[in-house]
Amino acid sequence: MSFPKAPLKRFNDPSGCAPSPGAYDVKTSEATKGPVSFQKSQRFKNQRESQQNLNIDKDTTLLASAKKAKKSVSKKDSQKNDKDVKRLEKEIRALLQERGTQDKRIQDMESELEKTEAKLNAAVREKTSLSASNASLEKRLTELTRANELLKAKFSEDGHQKNMRALSLELMKLRNKRETKMRSMMVKQEGMELKLQATQKDLTESKGKIVQLEGKLVSIEKEKIDEKCETEKLLEYIQEISCASDQVEKCKVDIAQLEEDLKEKDREILSLKQSLEENITFSKQIEDLTVKCQLLETERDNLVSKDRERAETLSAEMQILTERLALERQEYEKLQQKELQSQSLLQQEKELSARLQQQLCSFQEEMTSEKNVFKEELKLALAELDAVQQKEEQSERLVKQLEEETKSTAEQLTRLDNLLREKEVELEKHIAAHAQAILIAQEKYNDTAQSLRDVTAQLESVQEKYNDTAQSLRDVTAQLESEQEKYNDTAQSLRDVTAQLESEQEKYNDTAQSLRDVTAQLESVQEKYNDTAQSLRDVTAQLESYKSSTLKEIEDLKLENLTLQEKVAMAEKSVEDVQQQILTAESTNQEYARMVQDLQNRSTLKEEEIKEITSSFLEKITDLKNQLRQQDEDFRKQLEEKGKRTAEKENVMTELTMEINKWRLLYEELYEKTKPFQQQLDAFEAEKQALLNEHGATQEQLNKIRDSYAQLLGHQNLKQKIKHVVKLKDENSQLKSEVSKLRSQLVKRKQNELRLQGELDKALGIRHFDPSKAFCHASKENFTPLKEGNPNCC
């Protein structure tokens, strides 16, 4: 190699702080370790300082080259990261839209649940009203049963038999009395006929004596008038007796008919008893059904309360999860800020490395001319190295914090995954239990509906029986009306008999007229007539006694007739009461039938509503199950991806920790090498400052120091200069190669850090804020205002 010879002026001109390269000698020693060695002097006691200085130069040059290479790689990585960030933002927006749709569905489900709850409350109110009406109807049934028992007590079989026996005995007595009286009357009539025959004979004999008896006719006529009155009274009594006998016969017929009616009424009462027993059984069945319905309602209320509690717990857990996500997002934002700070620190380090590289270049260009400047720059570099060391320590701390946070986030993700799985299992169990409860309730409801149908059929049969009894009562009333008509006919016949008696009275008057004609003939037989009058007086006495006895008997018969009429009136009243009770029972049965029809209609409507609600709930449950399965699959995929990413991150972190430890060791070695040199430079700087502050003598001292420095560092000849320059170039090339290696390593490290940061962002769902998209987030806009009962927001 040949090097051009520099002019002597350059080496001898004392320009600046340091002498020219040719103005000093270079002496090699065996104890030196670096490529450049210096002779010991009073200020420079250690030989390691030059070597440490050169090592620092190598590091600065390597860092500058590594930063240049890293800039080109970081641009590509930033482009890739921007693409990944955009893709992640799109995915996050899609997920937010899906979440908004799910929230809307949940709100719709809540509104439908509120509607169903309102319907159920209305059904419960209707049921309470029906239960109240049922209670009132049961009270009516109890009152009817009491009235029926009273009627049974009144019309018991023993009482009827006793009354019938008493009436039959009285009728037998009356019959015997009537027969004895008829016999006595027949005997008297025969005696009268015999007497009349005798009188006719006497009349034929006394025709001649009529003239004699005309004078006595006045008295006889008076007596005859009295006798006529008495005979009229007797005829009236006889007619009354005949009427009484006719009435007795009619009463017998009426009694027989009443006995038949009583038997029929007993049968009807038995049928009514059976129907009442059936009604009691039906009421018991209805009570059992109401109890079952109440149990079903309580079960349904319990299920609804459990569903509400579970929904509240789920909503609370969702709120807790959202709060946790918000906290994690805040932590992630803090981590992002820390990363931004670390990136800013790295950029500052890059700038510092660039400055150091520029300073190294200037130092290499002005190596020989500005050694003092080089020392000052070395001081600055050492200070910056301290700052860099501190920043590296901070970056290590940040990396450790990031590792801990990634571990904590991974643990939280595993916990969330476990919680989600447990909640899914609980939801599936809850859905299965809810479906089973719905099926059980449906079966119970079908059973109750079937029992209601049976009850309605039984009530219809009871209604038919009531209709039959009402028809029989109508027939009885018709019979009673026919009997009333017969009674009216008998009264009419009695009026006809009285008319006949009046005609007979007229005939009797005619006979009296004939008797007046015969009075003339009767005068002749006055004596005989006196005898006959005596006999007639006896007969009249007998007739009076008979009249008194017959009057007593007639009074007794009248009393018996009154008692019978009272009994008939009582029976008619009881029949009317029974008819009224039957009418009330018919009205109650009609009301029951109407209520049963209303219940059937309502039950059919409620069955349809329950079927619709169950079908809609089953569809919604299936949709929710499908959505949960899809979400589970998505979460599992995301967790698998996160696990892979965490594994990759752990590998990268292990590599980074290895590299950090390596660089730490290198830095410690450099720091140990630069410590003594730093102390000497500090002492030199202090001396320089003290000398610069002095006037006059300071310049001379500086010149002396410059000369001594030139003597120490000056070359004795050209060969030594060439060797020194060759050594410097070799050291420079070595430093450049080391700087390139360090830059490549730093680029790799930054790439790994960026990749890890992107994976962390993907795992935590955090994206960097784009200022161009400020106030334009469609997913975060509340298009619909929040309701009062919807505290959850997207």
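Including glycine, each Cβ sits where the backbone N, Cα and C put it.
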Range annotated as region 'Hyaluronic acid-binding' in Swiss-Prot, from 151-160, 241-250, 701-710, 741-750: 741-750
Position flagged as N-linked glycosylation site [Swiss-Prot], chosen from N446, N782: N446
Region 'Hyaluronic acid-binding' per Swiss-Prot - which of 92-102, 290-300, 719-729: 719-729
Arithmetic mean of per-residue pLDDT over the region '5 X 21 AA tandem repeats' (442-546): 64
